[in-house]
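**Student:** The structure follows.
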Amino acid sequence: MIIVKVVLPLPIRKYFKYFMPDSMCPIIGGRIVVPFRSKDIVGIVISFCNKKNISNLNLAFVKSCIDTESIYSDVVFSILIWLSRYYYFPIGSIFFSILPKYLKKICLIDNKNYKFAILRKTKYKDFKTFNLLFFCKKKSFIDKDLEKYTFFDFFLKKNFLQKSCKNYFYHENIPHIYQNYLIKKKFFLNKKIIFIINKILMKNCFTSWLITKNNFYLKVKFYLGLIKECLSKNLQILILVPFVKDIYQILFFLKKYFNVYIDIIHSQLNNEDYLKKWIRTKSGKNSIIIGTKNSVFFPFLKLGLIIVNQEHHLNYRNLDQCRYNVRDIAILRAYKQNIPIILDSDTPSLRTLYNILHKKCFYIKFIKNKKTFFLKNNVIDLRKERIKIGLSSTLINEIFNNIQKNYPVLLVLNKFSFVFFGLICRRCGKIEKCHICNDYFETKKYDNFLFCRNCLIKIKKPLFCYNCKNFSLIVFDFGIKKIKNSFKKIFPNINLFFLLSLKKNKTKKLKIQFFKFPISNACIIITTEKISQHYYFPYVRFIALTNVDHYFFSFHFCSIEHFLQFYFNLINLTGENKKLLKIFIQTSYPNNKFLLNLCSSDYFLFCRKILSLRKKYFLPPWNFQVIFYSSSKFFEKSFIFLECIQIILKKQSKRDNVSLWFVGPHPVFSLKDRKKCFYQLLIHSPSRTYLKKILKESINIVQCFSISQNVQWFLDIDIY
């Protein structure tokens, strides 16, 4: 009898053991149905356990096997196990998070796809029934969809519907990757580009390349030649992008030149389409995949090249509890599959530039000397100006000047200083304030606490108003209401567009035109830093950054790097209007050395200075840091848990004569949700291998104590 190790879709850092009956044939990476407590759930077989004496073991039996082959490729399987060990994240959560939704249930990969024909359509008078029947006729349904709609059983019994045909996902009429591909448009490459392409593909092994600061025309020619060479060898290509808007831009461009099957992957696909594309990739029926984060985990049949567009972007960083960077996973996958990877960015991350210095990554350059273009910017000192709703009088005058010229204006707000929920009394109108900094307390709609963003104080939500003693306290959205009303007063007869949320995008059809802001007449577009990057503004000639002080006074040492990347990529939001674009920056600290050099310095000159500063103060990428996060219902327990880890690490480092630096533990808001509070402990070490080893030992010791069961914790490794 075989014992199998199984992972379940639960946030638990361990696997479970089950007996496998002799009649079943288990497969590593395949799904099985196992009993867990009072119900049956789907698990994934990780490995087999060899034990001679199994008579003393009290293990449950596996109910059934679902798959006859592994649903993960060998490379993806090894990457997922490495992720769980490196980031100390629950292994079951990782394995199930990358699967299509249908495969998380008891659903076969070769699931049937039914269509229906209407019978006796003249004999019923109910208009709703008639509409439902036509809905069934137009669409095709998977087996699992039939369970959702209860009216199917009724219609089939009454002979209103008949199953007319059934198709399998594997037998779709799709051109196979091994068929001869066609080129729609011919293109010619110069000797320099051909030489670089041959250099990349000649070795047939893992190499990492950075392409930056090059002419757009030459870059396009280079990518066309590289993709053509890969397709001629019957290889699949993965193109990673940070935003959905970039997918449709690249798709439109590739379809002009290549007549091959191209799939797009993003979070807004429905479950059925996502599963179809996952199966097509596994069986090798598509040639190119353009996708966002999760497409890096797709089970490619024969992957030959990975391209990471805008490799510096923060959108690649996962802000859940498993805080990996998709760029790093793509590099690891290329290394394991022995294929080249291209990192593309006009403002590459400091980590990539550090790898170039140490010859871990190679630099692609087509032109020796390219003229650098400097953006026209003006820095406004907020201390010397009259301010209305965060806008200075100079900025307001400049906005009116641009509107008189019939140009649209883009205002980029700092989200966390404008938009928040507060507690207000309906009767007297009093707003709850912090007693230390006199700023407004913030809250959530369904939370029972008030907190101050500046002082990191958290208190219980009062039951009544302390001013009028009335039980009429309500949660009110101060930011958006306040901004809209104030802007309408200052700019009364001007069109205002508020792009403050992405929720409306999901209801609309995704096309390349949707992401372009089409209005060319005078208007003011108000948005935030994060949301502005999801759109193109081709007619904008003036951009204003209303407040950038949070970058220069952030506790995160990478904040200046992120600001520089955002600033130098503003030109990408407006398209071809480089010379006409003006940028105004509002700040209370205009003498900051980084702001003073923005007009005259290149991005790479800034990077040299920042890298030398980090080397001087022993910061990553020269040294290594890990942040331990913990949260609990009781803040004292999460603080004690981190103190225990700190004591264990200090004792072990003294024993090994290695210096570790600690900051904390202290309270902090999470990166994804600023309303959620954690305790964090920062650990600094000169050696990555030693830090990894000592963390493993300390975590094993801490898990012996009962306090670890009352605390949720996770690690943030490779902070850069």
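Glycine too: its Cβ is placed from the backbone N, Cα and C atoms.
Swiss-Prot lists these features:
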BINDING   Lys213, Asn214, Asn215, Phe216, Tyr217, Leu218, Lys219, Val220  ATP binding site
BINDING   Cys425, Cys428, Cys465, Cys468  Zn(2+) 1 binding site
BINDING   Cys434, Cys437, Cys452, Cys455  Zn(2+) 2 binding site
DOMAIN    200-366  domain 'Helicase ATP-binding'
MOTIF     309-312  motif 'DEAH box'
**Student:** Residue counts in helix (H, G, I), strand (E, B) and coil for the motif 'DEAH box' (309-312), per DSSP?
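**Tutor:** Going through the motif 'DEAH box' (309-312) residue by residue, I get 0 helix, 1 strand, 3 coil.
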**Student:** Return the average pLDDT for the domain 'Helicase ATP-binding' (200-366) as a whole number.
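**Tutor:** Taking every residue of the domain 'Helicase ATP-binding' (200-366) together, the mean pLDDT is 89.
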**Student:** Can you count the other CB atoms that lie within 10 A of the CB of Asn214 (ATP binding site)?
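**Tutor:** I get 16 for this one.
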**Student:** Should Val220 (ATP binding site) be counted as helix, strand, or coil on the basis of DSSP?
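**Tutor:** Once the DSSP labels are grouped into three classes, Val220 (ATP binding site) ends up as helix.
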**Student:** If one measures from the C-alpha of Cys434 (Zn(2+) 2 binding site) to the C-alpha of Lys213 (ATP binding site), what distance in angstrom results, rounded to a whole number?
**Tutor:** 48
**Student:** Could you state the CA-to-CA distance between Leu218 (ATP binding site) and Cys425 (Zn(2+) 1 binding site) to the nearest Å?
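**Tutor:** It is 62 Å, counting Cα to Cα.
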**Student:** Can you tell me how far the Cα of Cys465 (Zn(2+) 1 binding site) sits from the Cα of Cys452 (Zn(2+) 2 binding site), in Å?
**Tutor:** 18
**Student:** Which of the listed binding-site residues (Cys434, Cys452, Cys465, Cys468) has the least company, meaning the fewest other Cβ atoms within 10 Å of its Cβ?
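**Tutor:** Fewest other Cβ atoms within 10 Å, among the binding-site residues Cys434, Cys452, Cys465, Cys468, is found for Cys468.
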**Student:** For the binding-site residues Lys213, Lys219, which one has its C-beta crowded by the most other C-beta atoms within 10 angstroms?
**Tutor:** Lys213
**Student:** Find, among the binding-site residues listed as Val220, Cys425, the one whose Cβ has the highest number of other Cβ atoms within 10 Å in the structure shown.
**Tutor:** Cys425
**Student:** Would you mind reading off the Cα separation of Asn215 (ATP binding site) from Cys468 (Zn(2+) 1 binding site), to the nearest angstrom?
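**Tutor:** Here the two Cα atoms lie 66 Å apart.
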**Student:** Counting other Cβ atoms within 10 Å, pick out the least crowded of the binding-site residues Leu218, Cys428.
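**Tutor:** Minimum Cβ neighbour count within 10 Å, taken over the binding-site residues Leu218, Cys428, occurs at Cys428.
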**Student:** Using only C-alpha positions, which one of Cys425, Cys428, Cys452, Cys468 is spatially nearest Lys219 (ATP binding site)? These are the binding-site residues in the record.
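**Tutor:** Nearest candidate: Cys452.
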**Student:** About how far apart, in whole Å, are the alpha carbons (Cα) of Cys428 (Zn(2+) 1 binding site) and Val220 (ATP binding site)?
**Tutor:** 63
**Student:** Within 8 Å of the Cβ centroid of the Zn(2+) 1 site residues Cys425, Cys428, Cys465, Cys468, which other residues of the same chain have their Cβ?
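**Tutor:** Leaving out the recorded residues gives Arg426, Arg427, Gly429, Lys430, Tyr466, Asn467, Lys469, Asn470, Ser472, Leu473.
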**Student:** Using Cβ atoms only, which residues of the same chain lie under 8 Å from Tyr217 (ATP binding site) while being at least 6 residues apart in sequence?
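**Tutor:** Long-range Cβ contacts: none.
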